[in-house]
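*Asks:* According to TrEMBL:
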BINDING   Asp52, Asp54, Ser56, Phe58, Glu63  Ca(2+) 1 binding site
BINDING   Asp91, Asp93, Asp95  Ca(2+) 2 binding site
DOMAIN    39-74  domain 'EF-hand'
Amino acid sequence: MSLSSILSADAIDAAMKDCQAPDSFNCKKFFQQCGLTKKSPAEVKKVFGILDNDASGFIEEEELKFFLQRFNPGARVLTEKETKAFMSAADDDSDGMIGADGVYLTLVW
């Protein structure tokens with residue numbers, strides 16, 4: 001399954017263009033622009049499964065750096081500042097890992 005089977009390719013492109021510069025990524029804004037905020041919890045979990053590169057059930061900080069590359073292989077990696085901000089926003093229990101529920105909570109805040 002690919003992200004474009006759940007999210008519009010045009011919406012993904014628009015979201016990617018808005019965060020090309022280092023330190024310009026904002027997870028909430030990105031989720032809105034790519035259309036993820038309009039998806040059901042089940043669809044969000046499907047997207048999470050695609051983003052969970054090692055299929056551990058969690059997205060760890062090391063995986064999170066490469067978040068944009070899961071949407072577009074040629075994209076940049078997140079800066080340390082962006083990675084920490086994303087982790088802080090989505091890690092609902094402060095264990096250093098993001099579960100699918102944490103991503104969904106980030107979407108609805």
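A Cβ is built for glycine as well, from the same backbone N, Cα and C atoms used for every other residue.
Give me the structural setting of these features: burial, nearby parts and distances.
*Replies:* The local packing around Asp52 (Ca(2+) 1 binding site), expressed as other Cβ atoms within 10 Å of its Cβ over all shown chains, amounts to 19.
Residue counts of the domain 'EF-hand' (39-74) by helix, strand and coil are 20 helix, 2 strand, 14 coil (DSSP-based).
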*Asks:* If I take the Cα of Asp95 (Ca(2+) 2 binding site) as reference, which of the binding-site residues Asp52, Phe58, Glu63 has the closest Cα?
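*Replies:* The answer is Phe58.
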*Asks:* Could you check which of the binding-site residues (Asp52, Asp54, Ser56, Phe58, Glu63) sits closest to Asp93 (Ca(2+) 2 binding site), going Cα to Cα?
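*Replies:* Comparing Cα positions, the candidate nearest Asp93 (Ca(2+) 2 binding site) turns out to be Phe58.
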*Asks:* Name the residues of the same chain, 6+ apart in sequence, whose Cβ is under 8 Å from the Cβ of Asp54 (Ca(2+) 1 binding site)?
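*Replies:* Those within reach of Asp54 (Ca(2+) 1 binding site), by Cβ under 8 Å and sequence separation of 6 or more, are Glu63.
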